[in-house]
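A.B. asks: Take this structure first; my questions come after.
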Amino acid sequence: MTQRVLLIISGGIAAYKALELVRLLRKRGIAVRAVLTQSAQQFVTPLSLGVLTEDHVFTQLFDLKDEQEIGHIQLSRQADLVIVAPATANILAKMANGIADDLATTLLLATDKPVLAVPAMNVRMWHHKATQRNLERLHADGVHIMTPDDGAMACGEFGKGRLPEPEAIAAEIERLLALPKAPDPLADQPDFAREARLFSTSLETDGALVGKHILITAGPTHEPIDPVRYIANRSSGKQGFAIAAAAAQAGARVTLVAGPVHLPTPPGVTRVDVETARQMLAAVEAALPADAAIMVAAVADWRTADAPDQKIKKDGTGQPAPLALVENPDILATLGHHANRPTLLVGFAAETQHIADHAQAKLAKKGADWIVANDVSGDVMGGDANAVQIVTAAGIESWSTLPKSKVADKLIEKVAHALAALAD
Ligand code: C5P
């Protein structure tokens, strides 16, 4: 079957290279449909692109004829891959912030297909903190980003920011088209939202959580090495998000402090997005007081001692760059010994061996009431099922392997009973 790409061309001098890219893609048997932003039309014409793509070229959001014949939503979904090349600093900023003020950016917000951005801009614009922040954001959102080439620029300066050669872009497009199709991110929504709703009829909380404040952390943290690299882990955030969904379902006021994950916010949950452990701690402390706190996040134990503003380069000696690490604050332990300690404090412990023993030791060390211990030696991280043991001062409860949404429901029921018992 013919593979199709939607090529969005934004307005930089490198736009002329998009014509060569189209030619190379067509030579590889890939169908190309092109969209030009208004400024891109200063550099290439719809006519030349139309000839090369042998298709209509789209330029206007409110072009009635285009809307009637295809509609911008379908246009964004009919391709196997959406490419922005060249991607100017301006379109990257809009993408990072979800701005949809013309046809190109509306398509980028509406698409359910993978997106490849190929930046090209002046070297200073590339290194600007705002651009780097936007790139980090897009990367966290799952956008594939090609690194620009170094070299002489049209503006006379020299450095990083040149559009990669069309051959290199075409090769990257072929590679992405060959990848197995990623699941639709919205497919996650029914998983916890629908299942939490299904199970909610059997959620036995007797209204004990109505109006209670439950604070939850979820997902990994990203600890920057330099502006483009970071230390991360495999946490998907699914278990924490499922717990937040169940708590909201039980009538609690829920604050969910989430590391960088690709999950939609469960209905009725207040979400605070963070990247690093220190940001997560600050957001958690800002959310206090809480009746219960459930710390599910896989917080990075270490961060780099310092993250320079510029990308670390190879120095030519063949020696790797030294990476000095320092320990991150322990958020759970901080809460365990906090003046504003939540009434009920629950930690998670991801272990690969001696699970219950380690969890028991953690209870005391972190000042938590319960530790939910799980064996992550299989595919728990990122998977949909979890087998947990609840370790409390009273002993150990082992639950059979359950969907994460069911683990969430049972845990929220247990939290409800504990808070009700404490109130008596
Ligand atoms: O010590 P360990 O990382 O196994 O502890 C896991 C528990 O501690 C989890 O609840 C996790 O959210 C929390 N934690 C934390 N801050 C850290 C490390 C872990 O809150 N820096």
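Glycine residues also receive a Cβ, built from the backbone N, Cα and C atoms like all the rest.
Copied straight from TrEMBL:
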ACT_SITE  C155  active site, proton donor
BINDING   D301, K311, P329, D330, I331, L332, F348, K362, K366  CTP binding site
DOMAIN    4-175  domain 'Flavoprotein'
DOMAIN    209-417  domain 'DNA/pantothenate metabolism flavoprotein C-terminal'
REGION    1-213  region 'Phosphopantothenoylcysteine decarboxylase'
REGION    214-424  region 'Phosphopantothenate--cysteine ligase'
A.B. asks: Under 6 Å from ligand 1 by Cβ, which recorded positions from C155, I331, F348?
C.D. replies: I331, F348
A.B. asks: Need one number: mean pLDDT over the domain 'Flavoprotein' (4-175).
C.D. replies: 90
A.B. asks: Using only the residues recorded as binding CTP (D301, K311, P329, D330, I331, L332, F348, K362, K366), report the maximum Cα-Cα distance in Å, whole number please.
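C.D. replies: Greatest Cα separation within the listed binding residues comes to 38 Å.
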A.B. asks: So, in DSSP terms, is K366 (CTP binding site) helix, strand, or coil?
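C.D. replies: Looking at the DSSP assignment, K366 (CTP binding site) belongs to a helix.
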A.B. asks: State the Cα to Cα distance, in Å, between I331 (CTP binding site) and the residue listed as 'active site, proton donor', rounded to an integer.
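C.D. replies: If we compare the Cα positions of I331 (CTP binding site) and the residue listed as 'active site, proton donor', the gap is 48 Å.
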A.B. asks: Can you tell me how far the Cα of D301 (CTP binding site) sits from the Cα of the residue listed as 'active site, proton donor', in Å?
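C.D. replies: For D301 (CTP binding site) versus the residue listed as 'active site, proton donor', the Cα atoms are 44 Å apart.
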A.B. asks: Which of C155, I331 (the recorded positions) has the most other Cβ atoms within 10 Å?
C.D. replies: I331
A.B. asks: Is it possible to get the count of other C-beta atoms within 10 angstroms of the C-beta of F348 (CTP binding site)?
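C.D. replies: I count 27 other Cβ atoms within 10 Å of it.
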A.B. asks: What are the non-local neighbours of K366 (CTP binding site), defined as same-chain residues 6+ apart in sequence with CB under 8 A from its CB?
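C.D. replies: Once residues fewer than 6 apart are set aside, K366 (CTP binding site) is near D330, L332, A333, G336, G347.
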